[in-house]
Structures are given as C-alpha cells and as structure tokens.
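What TrEMBL lists as S-adenosyl-L-methionine binding site is Glu135, Asp162, Asp183. For 273-285, the entry in TrEMBL reads compositional bias 'Basic and acidic residues'. What TrEMBL lists as region 'Disordered' is 273-298.
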Amino acid sequence: MSFYEYKDTIAEGDLVLAYVTRALIKPIYVKKGEIFNTRYGHFEHDKMIGMKYGEQMPGAKGYGFIHLLYPTPEWWTLSLPHRTQIVYTPDSSYIIQRLNVTPGSRIIEAGTGSASFTHSFARTATLSGKVFTYEFHEPRYLEAKKELAEHQLANTTITHRDVCNDGFNVEGEDIDGDVVFLDLPSPWDALPHLESVISSTRRVGICCFSPCIEQVDRTVKALEDLGWTQIEMVEVAARRWGTRKEMVRTVEDAVQRIRDIQSGRKNGIEVMKRGASEEPSEKFQKTSKGYKTPKKSTKVKEGDEDFQWVNVTKSEAEIKSHTSYLTFAYRIPKIESK
Ligand SMILES: C[S@@+](CC[C@H](N)C(=O)[O-])C[C@H]1O[C@@H](n2cnc3c(N)ncnc32)[C@H](O)[C@@H]1O
C-alpha cells in the first residue's frame, strides 16, 4: 500500500478505507483476527486479505456491506481523524494546479494540522520532490509525524516549530522551496522568514489560506511590501452533482398519491398504521394508462424491474466547499543584466 502508486490486492498490514456510507468512511489497518464492527454488520479482517481494492465486501452474518477503498489523498481527506479544520479536494486540487506543483516540486507548508493537504502535496511532488511541513502544536505534530511515517511518505519532513517566530530553516537541509502554502492565523508574520528558504533561481508560488477577509487584507499588504507579484484572491465554490433513478409516474398516479396522503391526514394515524401492516398480495397495480404503480405502503427499491425508471441528475442545494479565501502570489527570479 502506498500513496504514491496503486496496487490491486489487499495484504495484511495494508491500510484500507472502509466505505460504509457517504458520510462514514473508516481507515483500518488489516490485521489477522480483528473484526471491523458497524451498525450495518461486522467484517472480518481475515476475509479482506486477498480481496481486490474497490470490491464490495458482504457482512459476516449475511447482511450489510462495505466497499474496500484504496487510500488516495482524496479518499484519505474524507476519512482521516480530524485534529483541525482541513483543506478539502476542491481547494487542494485548485491550489496544486495554480502553484504548478509537479514531480520534483519543493514545497513549504505551515501548519501541518491534520496533514490532509500534506498527503496531496507529497503524492504530486513524488519522491523526486520534497514537502517541508511545520506544526507548533506538539500533540498535533506528534500525531502527524506518526501518520506520515505509517503512510511511508518518505518525501516529507515535519518540524515542530512556530514558523511566525522561528522561521522555516531546517538544519542540514537546503530547502530551496518553489511552492509555499500557509494555513495559519497570521501568515503575514511568517512571510518575512521565507526569504532565506525560497528559491532565488526559480519562479516561486505562494497560497495563503484564510477564513476571514481581514486576514486577506493584511496578507496582501505584507506580500506587496515583500515584493511578491501577481497577487490575486479567489474563492473556490464547488457543487457536487449526483445521479439516481426516478420512477415514471402518470398524472393520475400523482393525484392518487396526494389523495392518499390527504385521506391519511384526515383519518388519523391509526388508518395509516393499518395500511402499513396490510400485506399487499402484489406490490404494484396498473393505472388506466397501463403503467405499473406501487401499491400504498409498498417499499420499492430504486431500479426495481417491476417499474419504469428514468435517470435524473440533481445537484446539492448549497455550495459547501468554501472554507477559506485563497490569496495567491508569485516571486519571479531577478535576471542579472551583463
Ligand atoms: C487549520 S490547521 C491546518 C490544516 C491543514 N492545512 C490540513 O489540511 O490538514 C492550522 C494549523 O496551523 C498550526 N499553526 C498555527 N500557527 C502556527 C505557527 N505559527 N507555526 C506552526 N504551526 C502553526 C495550528 O496548530 C494548526 O494545527
């Protein structure tokens, strides 16, 4: 298992992200004899060994299932143990593109926080690049250090440091950074310390990630004073779309359903309960137009072949991705005139 590349088959000791529901994805290390318990059933680690990543795994008692996902930075972000607010993929993917992070990039990141973004940076920079990440909160630093080692992110160096006071230099390292990402309450205090660790021969890009517009204001002023150029602030607003099947219904059926609901309300809950406990002989009836429509109180599974379905797409009602403003800037190397 590695965040840098992909493999097919699960082995003992591997990290698997158990997809239980959209809102519940659990990281587990596969260990013989252990059981992963959920309210949807329990799942034996022994049986995961030899299964393919991406496969659906049935519960041991014959009910419920999970999917066994390969740990990519994108899935890790949705399953990691939160120690802080984190950067999600709509922001991290945009930042990586705007800062031109590529294999070989030398990245400076502070603070590490839950190391969500550190994983994306490490994967994109590959082993030919390097991520220097800094965290001043000791328990968080220790957790992140342990996690980066467990995930064998060999191109990361984490330092326990207050970068606003003590800067970014790391003993024995020529940092020579060309990408900077600051997710700190006061990036303007850290900016002057970058001068000694960023590249003087390559273009350097920076992104400061701040939830308040007042922070953006101060950051822009500090960037201008220090000679950064092309300063621009953007907000990423992503909206997810999903597809599902909707049952084809006639107007007659829709009117009947409204009547059923109204009569249910009028006659009270008892009538509704009686209806629900009646065992329907067949789960559908035919409308005058020839469509099959489910009988009252019948539960129908999406896509049930007894009915007609149409594929529909729906978007989330709200845009949930905004967590911060992204302030970008660049430093262009000075060309010496002869
Ligand atoms: C919001 S979190 C970063 C989350 C991270 N980007 C992620 O995706 O997981 C901010 C972190 O910066 C750390 N921090 C704040 N000021 C710092 C400083 N002066 N030096 C180093 N770390 C600092 C905090 O302790 C916190 O863990």
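Any Cβ shown, glycine's included, is placed from N, Cα and C.
Because TrEMBL annotations are produced automatically, they should be read as predictions rather than curated entries.
Within 10 Å of the Cβ of Asp183 (S-adenosyl-L-methionine binding site) there are 24 other Cβ atoms, across all protein chains.
The Cβ of Asp162 has fewer other Cβ atoms within 10 Å than any other of the binding-site residues Glu135, Asp162.
Under the DSSP three-state reduction, Glu135 (S-adenosyl-L-methionine binding site) is assigned to strand. Listed in sequence order, the residues Ala110, Gly111, Thr112, Gly113, Tyr134, Phe136, His137, Arg161, Val163, Leu184 complete the 8 Å Cβ shell around the S-adenosyl-L-methionine site centroid, once Glu135, Asp162, Asp183 themselves are left out.
Put simply, the two farthest-apart Cα atoms among Glu135, Asp162, Asp183, the recorded binders of S-adenosyl-L-methionine, are 13 Å from each other.
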